[in-house]
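Record features (Swiss-Prot):
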SIGNAL    1-19  signal peptide
DISULFID  CYS31-CYS60  disulfide bond
DISULFID  CYS38-CYS53  disulfide bond
DISULFID  CYS43-CYS61  disulfide bond
Amino acid sequence: MRILYLLLSVLFVVLQGVAGQPYFSSPIHACRYQRGVCIPGPCRWPYYRVGSCGSGLKSCCVRNRWA
């Protein structure tokens, strides 16, 4: 009977970990969610970098609001 309580507590821990997973399946989707575009290399004006896409060779760039 004790094993059931242990398994139930492990199940709750696993479910809490799954609930904390990000919704986005890839960095490209996360970049699009921020209204950004993936550009190879550094961001150029009027864009600025907010992150990276994939392997880090591409930058997630967002257009500057004041340009």
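Glycine too: its Cβ is placed from the backbone N, Cα and C atoms.
If you check the disulfide-bonded residues CYS31, CYS43, CYS60 against CYS53 (disulfide bond), the ones with a Cα inside 10 Å of its Cα are CYS31, CYS60. Least crowded of the disulfide-bonded residues (CYS31, CYS43, CYS53), judged by neighbouring Cβ atoms within 10 Å of its own Cβ: CYS43. There are 17 other CB atoms within 10 A of the CB of CYS38 (disulfide bond), with all protein chains counted.
In this structure the alpha carbons, written CA, of CYS61 (disulfide bond) and CYS38 (disulfide bond) are 6 Å apart. Across the structure, CYS43 (disulfide bond) and CYS60 (disulfide bond) place their CA atoms 8 angstrom apart. Secondary structure at CYS43 (disulfide bond), as computed by DSSP, is coil.
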